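Novice: From TrEMBL, for reference:
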REGION    1-27  region 'Disordered'
COMPBIAS  9-19  compositional bias 'Gly residues'
BINDING   Leu30, Arg31, Gly72, Lys75, Thr76, Thr77, Glu138, Asp139, Phe140, Arg181, Tyr191, Arg228  ATP binding site
DOMAIN    61-194  domain 'AAA+ ATPase'
BINDING   Thr76  Mg(2+) binding site
REGION    268-352  region 'Head domain (RuvB-H)'
BINDING   Arg323, Arg328  DNA binding site
Amino acid sequence: MARERVITPGGGSPEGGGSNESDRQRDAALRPKLLREVIGQKKVANRLQIAVNAAKKLKEPLGHILFDGPPGLGKTTFATVLPNELGSSIQMTSGPALSKPADMLPFLTNLEYGSILFIDEIHRMPRVVEEFIYPAMEDFRIDIVLGEGVNARTINMKLKPFTLIGATTRSGMLSGPMRDRFKMQEHLDYYTIDELAQIVSINAKKLALPMAPEAAVELAQRSRGTPRVANSRLYWVRSYHAGHPAIADGPVTLDISRQALDMQEVDRDGLDKQDRRYLETLIDVFGGGPTGVEAIAATMNIASDTLTDEIEPYLLREQFIVRSPRGRIATPRAFELLGKSQPKPNGGSLFD
Ligand SMILES: Nc1ncnc2c1ncn2[C@@H]1O[C@H](COP(=O)(O)OP(=O)(O)OP(=O)(O)O)[C@@H](O)[C@H]1O
Ligand SMILES: [Mg+2]
């Protein structure tokens with residue numbers, strides 16, 4: 001198993017993407033350790049397995065890898081599985097924790113041959129740091145400037161060949177030159193109900209919670225296609241079950257899982273309070289749009305990044321909203337969900 005060194009200069013969090021502390025502890029407890037334990041994302045997992053096999057056979061470090069996709073889909077999971085597969089070590093940091101090139105030095109000088117440096121939220125790394133690590137990625141060397149003004153000297157330092165793994169929820173914000181330096185670029189997509197149900201069943205076992213298969217499917221259906229959400233729903237169902245003496249001795253049935261999720265105000269489509277608040281704002285305040293994300297964010301009193309990174313991707317995928325050049329528009333499905341009737345468009349189509 002890999003030795004995991006988590007070093008975060010500047011007190012930054014090694015993991016980003018909007019997960020809070022308790023989510024992170026749960027994530028770590030339930031995270032798969034090996035590629036074969038990873039559920040779904042089969043094409044990605046197969047390509048990684050080939051790359052790992054090749055690296056071992058050729059005794060070369062793995063090429064640099066970029067993972068992108070919405071929060072909670074497994075970017076950090078894949079990054080932490082790889083050193084286990086390779087028998088190497090991993091250091092973890094994140095873009096916001098790296099404000100200047102010197103912040104990279106402890107990581108770069110700690111590298112071992114073939115070890116992994118994981119940079120979460122890599123799109124938030126400042127341009128100066130990005131440019132500083134280009135030669136590290138390409139030729140395993142860095143240029144360090146010592147002193148200032150006329151006394152400044154540049155020292156060229158060789159590094160041990162290593163693998164950089166970047167993760168981002170916003171691949172569009174990554175610069176072209178940075179993206180091009182990754183040998184593999186893997187996009188993670190939402191999971192099917194079947195895959196999520198498997199994850200829920202496996203994790204219920206890890207938590208020693210007896211659960212009927214239909215209950216696992218119910219949780220899967222109501223988890224926004226996202227393993228992290230499925231895990232957090234599972235923890236809630238576990239508390240609900242344990243907190244009711246009358247049912248705590250039996251398994252979690254379909255009924256129990258429904259009651260627990262209804263109590264948490266997770267609806268049958270898996271949308272939670274925050275998702276519905278977004279749709280209510282778009283429909284009640286902005287007449288269903290089109291309206292800009294900044295206006296929705298200001299009205300909801302929430303960061304617009306949270307909307308674009310965490311809330312909107314699933315609503316877009318499930319076609320509760322569409323994006324147009326003039327802004328976000330609620331679809332008939334969103335009106336139906338909230339039990340509202342759709343205003344009649346004057347003349348032109350609602351979606352023009
Ligand atoms: N393919 C998978 N198989 C099984 N469990 C998974 C899988 N992907 C993710 N998980 C579970 O979901 C949790 C969250 O995943 P992870 O932390 O890797 O997401 P992430 O993409 O890094 O999110 P963020 O953008 O917020 O950093 C993991 O701890 C793990 O328990
Ligand atoms: Mg992560």
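Cβ coordinates come from backbone N, Cα and C, glycine included.
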Novice: Measure from the CA atom of Arg328 (DNA binding site) to the CA atom of Tyr191 (ATP binding site) and give the result in Å, rounded to a whole number.
Specialist: 24
Novice: Enumerate in sequence order the binding-site residues Gly72, Thr76, Arg323, Arg328 whose Cβ-atom distance to ligand 1 is under 6 angstroms.
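Specialist: Close enough to ligand 1 are Gly72, Thr76.
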Novice: Pull the DSSP breakdown for the domain 'AAA+ ATPase' (61-194) and write it out as helix, strand, coil residue counts.
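Specialist: Helix/strand/coil tally for the domain 'AAA+ ATPase' (61-194): 53 helix, 36 strand, 45 coil.
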Novice: Quick check on the binding-site residues Phe140, Tyr191: which one has the highest count of other Cβ atoms within 10 Å of its Cβ?
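Specialist: Within the set of binding-site residues, the most crowded position is Tyr191.
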Novice: Go through the binding-site residues Glu138, Phe140, Arg323, Arg328 and pull out the ones with a Cβ less than 6 angstroms from some atom of ligand 2.
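Specialist: Among Glu138, Phe140, Arg323, Arg328, near ligand 2: none.
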Novice: Least buried of the binding-site residues Leu30, Thr76, Glu138, Arg328, going by other Cβ atoms within 10 Å?
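Specialist: Minimum Cβ neighbour count within 10 Å, taken over the binding-site residues Leu30, Thr76, Glu138, Arg328, occurs at Glu138.
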Novice: Quick one: pull the CA-CA distance for Leu30 (ATP binding site) versus Arg323 (DNA binding site), whole Å only.
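Specialist: Roughly 35 Å, rounded to the nearest whole number.
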Novice: Calculate the distance in Å between the alpha carbons (Cα) of Phe140 (ATP binding site) and Arg323 (DNA binding site), and round it to a whole number.
Specialist: 42
Novice: Run through the Cβ atoms and count how many others sit within 10 Å of the one on Gly72 (ATP binding site).
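Specialist: I count 27 other Cβ atoms within 10 Å of it.
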Novice: Expressed to the nearest Å, what is the distance separating Arg323 (DNA binding site) and Gly72 (ATP binding site) at their Cα atoms?
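Specialist: Approximately 23 Å lies between the Cα of Arg323 (DNA binding site) and that of Gly72 (ATP binding site).
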Novice: Per the record, ATP is bound by Leu30, Arg31, Gly72, Lys75, Thr76, Thr77, Glu138, Asp139, Phe140, Arg181, Tyr191, Arg228: how many Å separate the farthest pair of Cα atoms?
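Specialist: This binding site's residues have a maximal Cα-Cα distance of 37 Å.
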Novice: In whole Å, note down how far the CA of Arg328 (DNA binding site) lies from the CA of Glu138 (ATP binding site).
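Specialist: Approximately 41 Å lies between the Cα of Glu138 (ATP binding site) and that of Arg328 (DNA binding site).
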